[in-house]
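Down below is the structure, laid out as structure tokens.
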Amino acid sequence: MTDAVLVLNAGSSSLKFAVYPHAEGEPTAILRGKIAGIATCPVFSASDATGQPLPQDARMPLPPDATHADLIPALLDWIQSHRGGVTLTAAGHRVVHGGRRQTGPARVSDALLEELDKLVPLAPLHQPHNLAAIRCVAASAPDLPQIACFDTSFHRTQDRLAQLFALPRALSDAGILRYGFHGLSYDYIASTLPAHLGTRAGGRVIAAHLGNGASMCAMKNRQSVATSMGFTALDGLMMGQRCGALDPGVVLYLMEEKHLSTAEVTHLLYSDSGLLGVSGLSNDMATLEASIAPEAREAIELFCFRAAAELAGLAAAIGGLDALIFTAGIGENSALVRRLICDRLNWMGITLDPNGNIRNARFISTAASAVDVLVIPTDEEGVIARATQDLTRG
Ligand code: AMP
């Protein structure tokens, strides 16, 4: 029998999972998958340790109207009975918000869940689903230890100034602060820096997590000093469907003059903006790159203009820049986006090696570049697996 931990990342209509056998070194998944379209038309996909998709007859059966509450126990059963010889010893969850108190992964208890419930209004699109998944696992496997890993924890090393909005003190005291997100991704990137940069790993580094959600994190000594996302995952960079930083006056105008309701503004900012809103075509960078429409090109240009401007601001927070890391779907795969961003940063001494960039090589800057530029694939699930194993061992 192989002891393993289950990693779950639950969204509103999707459930991503991965199974990691206990191991001393780098965690390596023997199974990863996703159930998409939950409660409408669920679709199961999964791949084995080599990345090969599982054949049709090896997949988990899905009732068409199954909810998270039906699917989570079924998934636990399927993994243990159909993936031959796997015993799950713990479940680790991605939880988007840990508030001010959670500075690292934490074992789930009733008290912790109660504390995390209070943060639902701060992350209404993610937190309820993350917590519901924890409760579903607890209901179907009450003895299975569970660990919550927070996207906000990595940023709790920031100074007070980096976390403050210029709002009345009472609001800051009430928790209206810049929390930052994508912390599991930054945690992984920070852990890999010594292998790539040696002693320079502790220098001034900005990691750019550019995926459908996008943010940047400025680090020193591999700790977060400042980040582009704030109170919610709306702030900072332009994203697939989210607007990023926006004059708050626009929101007031939309509500006062255009009579949009709170729900309509929420939908506009979270789901109809970003690459999708500007291009009018798609939230998907690869699709926009393949398009000849001028609106697609304008959306890409704006994405890169905003990213370069945000990066320059974050560099000020750490007094310059020694290394820039690109990660996540766009950061790892789009040579065009990396080039357009770096071209705007030539004045900082950044020069890209076009051949390395086109190949998504690990180092994509020239030898003469004042800043090392790297592409490092992120591994948020691996971070959760490691933390889950560490906190439940013994
Ligand atoms: P993520 O949220 O990290 O999965 O990233 C999703 C984003 O990465 C989408 O906008 C994809 O279009 C983008 N992406 C993935 N592969 C490529 C590629 N080869 N070129 C450009 N964008 C890509």
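Cβ coordinates come from backbone N, Cα and C, glycine included.
Predicted automatically and left uncurated, TrEMBL annotations should be read as such.
Sequence-distant contacts of Asp151 (active site, proton donor/acceptor), defined by Cβ-Cβ distance under 8 angstroms and a gap of at least six in the same chain, are Arg94, Val95, Val96, His97, Gly98, Phe181, His182, Gly183, Leu184. TrEMBL lists Asp151 with the feature active site, proton donor/acceptor.
Taken from TrEMBL, the feature Mg(2+) binding site covers Asn9, Glu380. If you take the C-beta of Glu380 (Mg(2+) binding site) and look for same-chain residues 6 or more apart in sequence within under 8 angstroms, you find Asn9, Arg94, Leu184, Ser185, Tyr188. Under the three-state DSSP scheme, Glu380 (Mg(2+) binding site) falls in the helix class.
Residues or ranges marked as ATP binding site by TrEMBL: Lys16, His209, Leu210, Gly211, Asn212, Gly213, Gly329, Ile330, Gly331, Glu332, Asn333. In sequence order, Met239, Gly240, Gln241, Asn283, Asp284, Gly329 are the residues of the chain that are 6 or more apart from Asn212 (ATP binding site) and have a CB within less than 8 Å of its CB.
Taken from TrEMBL, the feature site 'Transition state stabilizer' applies to His182 (among others).
Sequence-distant neighbours of Arg242 (site 'Transition state stabilizer') (same chain, 6+ residues apart, CB-CB distance under 8 A): Gly213, Ala233, Leu234, Leu269, Tyr270, Ser271, Ser273, Gly274. Arg242 (site 'Transition state stabilizer') falls outside any helix or strand according to DSSP and counts as coil. Per TrEMBL, site 'Transition state stabilizer' is recorded for Arg242 (among others).
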Under 8 Å Cβ to Cβ from Leu210 (ATP binding site), same chain, six or more residues apart: give me those in sequence order, or none if nothing qualifies.
Leu237, Ala307, Phe326, Thr327, Ala328, Gly329, Ile330, Gly331, Ser334, Val337
Those recorded positions in Leu210, Asn212, Arg242, Gly329, Asn333 whose CB falls under 6 A of ligand 1, listed in sequence order:
Asn212, Gly329, Asn333
Other CB atoms, at most 10 A from the CB of Gly331 (ATP binding site):
26
Roughly how wide, in whole Å, is the group Lys16, His209, Leu210, Gly211, Asn212, Gly213, Gly329, Ile330, Gly331, Glu332, Asn333 that binds ATP, by largest Cα to Cα distance?
21
Per-residue Cβ crowding (10 Å cut-off), top of recorded positions Lys16, His182:
His182
